[in-house]
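Q: Handing you a structure now.
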Amino acid sequence: MLSFEASVNSNVVKKLKALIVDDDTITRMILKALLMKFGVETHEAKNGQEAILAHHSGACFDLILMDLYMPVMNGHQTTKELRDMHVCSLIVGMTSQEKEEEKKSFMDAGLDYYY
Amino acid sequence: MEQIQRKLAEYTASLYNEKILDEQFIQLQQLQDESNPDFVVEVVSLFFEDSERLLNELAKALNQTNVDFKKLDANVHQLKGSSSSIGAQRVQRVCISFRNYCDDRNVEGCLKCLQQVKIEYTLVKNKLETLFKLEKQFVDAGGSFPVV
């Protein structure tokens with residue numbers, strides 16, 4: 001599978017699909033608008049459980065933007081579960097937390113990048 | 001129209017000079033385009049709704065005999081996040097102090113921060129509402145904003 005960056009830069013016509021996993025409506029709106037500027041088809045999940053259910057229903061995404069702190073199922077748990085399901089999407093973690101050990105733990109759950 | 005344009009430019013500059021808004025607001029404006037013409041107003045309106053709900057929750061939480069600092073911190077974290085998302089710098093900064101008082105379980109500190117965050121929120125709300133009014137006057141007078 002092409003990396004997200006390579007896909008954007010290549011002449012591949014296939015529309016990229018992204019899943020935004022965040023409990024905050026404003027964050028989802030902003031990320032959706034940003035991704036749409038790049039022609040990315042966006043989907044949303046309000047928490048990790050919705051993200052897992054979407055995958056169980058057969059959805060797959062090129063990119064998953066994953067918030068850390070969410071009700072019902074947090075980003076750490078969700079990322080780990082998606083990787084256990086052999087989901088190979090690019091998963092980028094997002095959080096304003098500054099504690100290094102929390103960032104490292106989130107990365108260790110299976111993120112590709114952290115923002 | 002030139003007078004309105006100048007007034008709008010000066011007012012906008014003052015919002016950044018007084019640190020009421022930061023560059024995140026500019027980034028929001030850059031996401032607005034012909035396919036999403038009311039994006040900024042929609043996001044900001046949602047911020048107003050969310051903030052007012054959160055401020056009520058914070059006041060309720062601090063009014064309890066046994067303050068639930070975990071719940072308090074979660075609400076302040078949310079307010080910090082949404083204020084940061086729209087560039088409401090001064091609101092965000094008070095939230096940072098607020099969270100520190102939550103960590104210290106300092107009720108008095110939290111109450112002071114709640115008062116301060118209400119002041120900063122009211123200020124940014126009034127300023128943004130005035131900004132949107134000026135932008136509307138500018139457009140009604142025949143002005144247009146560059147499409148990104």
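Placement of Cβ uses the backbone N, Cα and C atoms for every residue, glycine included.
Owing to the predicted nature of the structure, the values given are computational and were not obtained by experimental measurement.
So TrEMBL says this about it:
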- A:17-115: domain 'Response regulatory' (DOMAIN)
- A:Asp67: 4-aspartylphosphate (MOD_RES)
Q: Can you tell me how the residues of the domain 'Response regulatory' (A:17-115) break down into helix, strand and coil by DSSP?
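A: Taking each residue of the domain 'Response regulatory' (A:17-115) in turn, the totals are 41 helix, 22 strand, 36 coil.
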Q: 10 Å Cβ neighbour count around the residue listed as '4-aspartylphosphate'?
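A: The answer is 25.
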